[in-house]
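Colleague: Following this message is one structure expressed as structure tokens.
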Amino acid sequence: MLNVMIVEDSDFVRAILRNLLLDIGGIALSGEYVAAPAAISALRVNPPDVVLLDIQLEQGSGMDVMNVVRNEHSDVKVIVVSNSPEEAIRTSYLAAGAYRFYDKSFEIRSLRKKLARLAFPETDVEDIC
């Protein structure tokens, strides 16, 4: 079972991501957080396999969370899901260690496929998605 944490300040987007995870199956939601400090505390106590991370958060930024993952839990995959697809932002998160970066307005299907591959590495993703 793949453990996934959602770190997203928008209630609407968190609901979309939660439903996406439930729809794929084989994924356990380890927590949902809107603020960087709460997400960081949870990461330190119970690191997930994957973090779905927005770049704009309450009380901090996605980069605050990225830095903790990179320095303390380098085996955790961070998938950035943002409405800020500017190349400079994408490049900075990938350089900081993000596993993938998706534009949540246009790339949810690609995100779904990537999560399905992570949850079911031995299965044809087309059978799931």
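All positions are counted from 1 along the displayed chain.
Cβ coordinates are placed from backbone N, Cα and C, and glycine is handled just like the others.
Bear in mind that TrEMBL entries carry predicted annotations, made automatically and left uncurated.
Pulled these features from TrEMBL for this protein:
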- 3-119: domain 'Response regulatory' (DOMAIN)
- ASP54: 4-aspartylphosphate (MOD_RES)
Colleague: Taking the Cβ of the residue listed as '4-aspartylphosphate' as the centre, how many other Cβ atoms fall within a 10 Å radius?
Modeller: 23
Colleague: Could you pull the average pLDDT for the domain 'Response regulatory' (3-119)?
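Modeller: The average pLDDT of the model in the domain 'Response regulatory' (3-119) works out to 95.
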Colleague: What are the helix, strand and coil residue counts for the domain 'Response regulatory' (3-119) according to DSSP?
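Modeller: Taking the domain 'Response regulatory' (3-119) as a whole: 56 helix, 32 strand, 29 coil.
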